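Engineer: Straight from TrEMBL, here's the annotation block:
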- 1-32: region 'Disordered' (REGION)
- 21-32: compositional bias 'Basic and acidic residues' (COMPBIAS)
- 112-134: transmembrane segment (TRANSMEM)
- 114-249: domain 'Amino acid transporter transmembrane' (DOMAIN)
- 140-161: transmembrane segment (TRANSMEM)
- 196-216: transmembrane segment (TRANSMEM)
- 303-319: transmembrane segment (TRANSMEM)
- 305-569: domain 'Amino acid transporter transmembrane' (DOMAIN)
- 326-350: transmembrane segment (TRANSMEM)
- 370-392: transmembrane segment (TRANSMEM)
- 404-427: transmembrane segment (TRANSMEM)
- 450-470: transmembrane segment (TRANSMEM)
- 490-511: transmembrane segment (TRANSMEM)
- 517-541: transmembrane segment (TRANSMEM)
- 553-572: transmembrane segment (TRANSMEM)
Amino acid sequence: MEGDSKPLLDPVCRGSYTDKGSTDSLDRGARRPFHVEHRNIVENEPSERVSAEASVLSSRVHYYSRLTASSDRLLSPPDHVIPCQEELYVYSPLGMAFKVTGGDGGAKNPSIITIFAIWNTMMGTSILSIPWGIKQAGFTLGIVLLISMGLLTLYCCLRVLKSPKSIRKTISTYIDTSDWEFPDVCKYYFGKFGQWSSLVFSMVSLIGAMVVYWVLMSNFLFNTGKFIYSKILYNYKLYKLIDMVCLFPNTRLPPPVICPFPDTGDHRGNSGISGLYLNTNNYGNDTSDTAVFDRWWSKTNTIPFYLIILLLPLLNFRSASFFARFTFLGTISVVYLIILVTLKAIRLGFHLEFHWLETTQFYVPEFRLLFPQLTGVLTLAFFIHNCIITLMKSNKHQENNVRDLSVAYLLVGLTYLYVGVLIFSAFPSPPLSKDCIEPNFLDNFPSSDVLVFVARTCLLFQMTTVYPLLGYLVRVQMMSQVFGKHYPSFFHVFTLNIFIVGTGVCMAKYYPNIGSIIRYSGATCGLALVFVFPSLVHMISQKRRGELSWPSAIFHSLLIVLGVANVAGQFFM
């Protein structure tokens with residue numbers, strides 16, 4: 001009689017049948033394709049026809065699969081009817097049969113490809129602000145913070161990566177988390193609050209990146225146009241440098257390094273600098289043509305508005321697949337930046353003096369109270385937590401995920417360290433002060449520099465292609481959550497894009513400081529997605545398994561406190 005209470009359809013036991021004999025195998029316990037015998041395949045072609053009976057049965061099974069949730073196995077075929085890997089076909093109700101070639105529907109990448117994919121994804125605009133961040137913290141403290149933030153963000157990223165699997169260890173019933181992302185994990189543990197808060201902080205990181213891109217594109221377009229105009233105006237000769245003080249006054253060569261904004265206040269970090277500056281408003285010997293050009297080609301007054309004509313239409317595309325083809329330009333740009341930094345360091349040499357606490361005319365202390373500005377930049381520089389689960393799914397050897405992610409973070413940290421240390425060390429002090437290092441270190445080189453002109457042009461083209469991709473991610477995440485559709489209507493999408501573009505234009509006109517924009521957005525999104533949610537998820541998971549210890553609770557609580565302090569430091573330091 002005890003069997004009378006047993007349901008007619010039993011859920012499939014968790015992990016009952018998994019083919020582990022191949023790295024490209026299909027998890028039969030998680031995916032149960034509809035199968036008919038091979039004799040029902042009419043023709044042996046790449047896209048093979050199946051009989052009408054098989055097509056009808058396929059439609060019927062697809063109908064039954066809609067009666068239960070995707071994680072419910074009540075109407076799933078049993079294990080013994082699932083054929084071997086080489087005999088699996090996906091049958092369409094339209095009468096087509098496609099042979100299954102991979103367990104996850106896509107090719108797996110070796111570890112080296114996965115590592116460099118992570119490296120390429122993390123190498124963003126933050127690399128341009130690393131030298132400025134080291135200057136704000138002090139040379140010695142900056143290096144220590146860069147290494148420490150790299151280790152902390154790596155640990156939190158590992159917690160994010162392991163969070164879907166930790167759910168299956170804490171419950172007795174089966175939940176398929178193979179397709180879950182970190183927002184799904186947050187929703188599981190914290191309900192609607194976790195879902196919407198993770199969405200909000202993800203939007204902060206994406207929109208913050210788009211604002212930085214708009215500021216940088218305005219900067220690069222301005223300097224590129226100025227370089228071309230000057231070459232044309234002066235007939236491809238060494239054109240005169242307008243409103244810049246040459247480092248070598250006895251020569252007629254362009255200065256290798258400039259200090260554009262010496263006395264513009266603490267918001268640019270250039271207080272207390274001598275009179276080496278760029279004044280773009282007044283120049284007694286300007287011709288009328290140059291004055292007209294300066295009026296219509298202004299970095300803050302006109303260029304941000306010119307970009308609207310180019311980029312706003314691109315944001316309204318339904319698909320971003322065309323722009324995804326140019327993602328390789330990011331790798332080329334970063335490699336070129338590394339080469340550029342190396343050549344500049346060889347030319348300029350090293351200029352270092354160690355003053356541990358006192359400030360001098362040309363050097364900054366090794367330890368400064370402005371160090372939270374660097375930690376804010378580094379939070380975004382090492383931020384990949386919202387997409388790391390997706391990136392690691394394509395790794396061929398899943399057992400090496402921890403090792404591969406650690407190696408990727410090591411390469412990212414070494415790249416940041418290399419660029420930051422070389423630019424800071426090679427900055428010529430004297431005659432310029434280290435406080436002259438700009439939030440975008442390319443601004444410390446004149447528009448006439450050919451190597452820097454190439455870098456700005458490459459970065460401008462790369463950002464023009466990446467910007468619509470970021471807008472597409474913002475639209476998909478926001479519209480799907482609010483309206484349930486990726487493209488609800490042209491009006492909805494256009495309104496969202498107007499808001500995003502308007503924010504970028506306002507920041508490029510009134511506050512074009514990418515260092516501050518990066519640190520504010522990095523610390524804000526990092527508070528939730530880097531420090532708070534990964535730590536809370538891990539502690540709750542340990543608590544449910546009965547494995548939470550006092551050292552673990554104290555350590556992860558300290559991580560949360562550090563995240564809060566990182567945000568607070570951006571406003572008070």
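Here the Cβ of each residue, glycine as well, is placed from N, Cα and C on the backbone.
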Engineer: Are the transmembrane segment (303-319) and the transmembrane segment (490-511) close, by which I mean at least 3 Cβ pairs under 8 Å that are 6+ residues apart in sequence?
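Structural biologist: By the criterion, they touch.
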Engineer: Let me spell it out: take the transmembrane segment (140-161), skip the flanking residues so only those 6+ beyond its ends count, and list any with a Cβ under 8 Å from a Cβ in it.
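Structural biologist: 130, 133-134, 182, 354, 356, 366-368, 371, 374-375, 378-379, 382-385, 388-389, 392, 401-402, 405-406, 409, 412-413, 416-417, 420-421, 424, 526, 529-531, 534-535, 537-538, 559, 562.
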Engineer: Hey, would you say the transmembrane segment (196-216) packs against the transmembrane segment (553-572), going by three or more CB pairs under 8 A that are 6+ residues apart?
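Structural biologist: When sequence-distant Cβ pairs are counted, the transmembrane segment (553-572) does not touch the transmembrane segment (196-216), since fewer than 3 lie under 8 Å.
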Engineer: Answer with yes or no whether the transmembrane segment (326-350) touches the transmembrane segment (450-470) by the criterion of at least three Cβ pairs under 8 A, sequence separation 6 or more.
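Structural biologist: These two stretches do touch.
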Engineer: With DSSP as the yardstick, break the domain 'Amino acid transporter transmembrane' (114-249) down into helix, strand and coil residue counts.
Structural biologist: 103 helix, 0 strand, 33 coil
Engineer: Under 8 Å between C-beta atoms and at least six residues away from its ends: which parts of the chain pack against the transmembrane segment (553-572)?
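Structural biologist: Cβ under 8 Å, 6 or more out: 152, 156, 372-373, 375-376, 379, 519-520, 523-524, 526-527, 530-532, 535-536, 538-539.
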Engineer: What parts of the chain pack near the transmembrane segment (517-541), using Cβ distances under 8 Å and only residues at least 6 beyond its ends?
Structural biologist: 125-126, 129, 133, 153, 156-157, 159-160, 163, 166-167, 169-170, 182, 185-186, 189-190, 194, 197-198, 201-202, 204-205, 207-209, 211-212, 215, 372-381, 383, 385-386, 507, 511, 548, 552-553, 556-557, 559-560, 562-564, 566-567, 569-570
Engineer: At a C-beta cut-off of under 8 Å, are there same-chain residues at least 6 beyond the transmembrane segment (490-511) that contact it? List them, or none.
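Structural biologist: Residues packing against the transmembrane segment (490-511) from afar: 207, 210-211, 213-215, 218, 300-301, 303-305, 307-308, 311-312, 315-316, 471, 474-475, 478-479, 483, 517.
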Engineer: Mind checking which residues of the chain, 6+ beyond the ends of the transmembrane segment (370-392), have their Cβ under 8 Å from one of its Cβ atoms?
Structural biologist: 114, 117-118, 121-122, 124, 126-127, 129-130, 132-134, 136-138, 141-142, 145-146, 149-150, 153-154, 156-157, 160-161, 164, 180-183, 202, 205, 208-209, 269, 398, 401, 404-405, 409, 412-413, 416, 515-516, 518-523, 525-526, 529-530, 534, 565-566, 569-570, 573
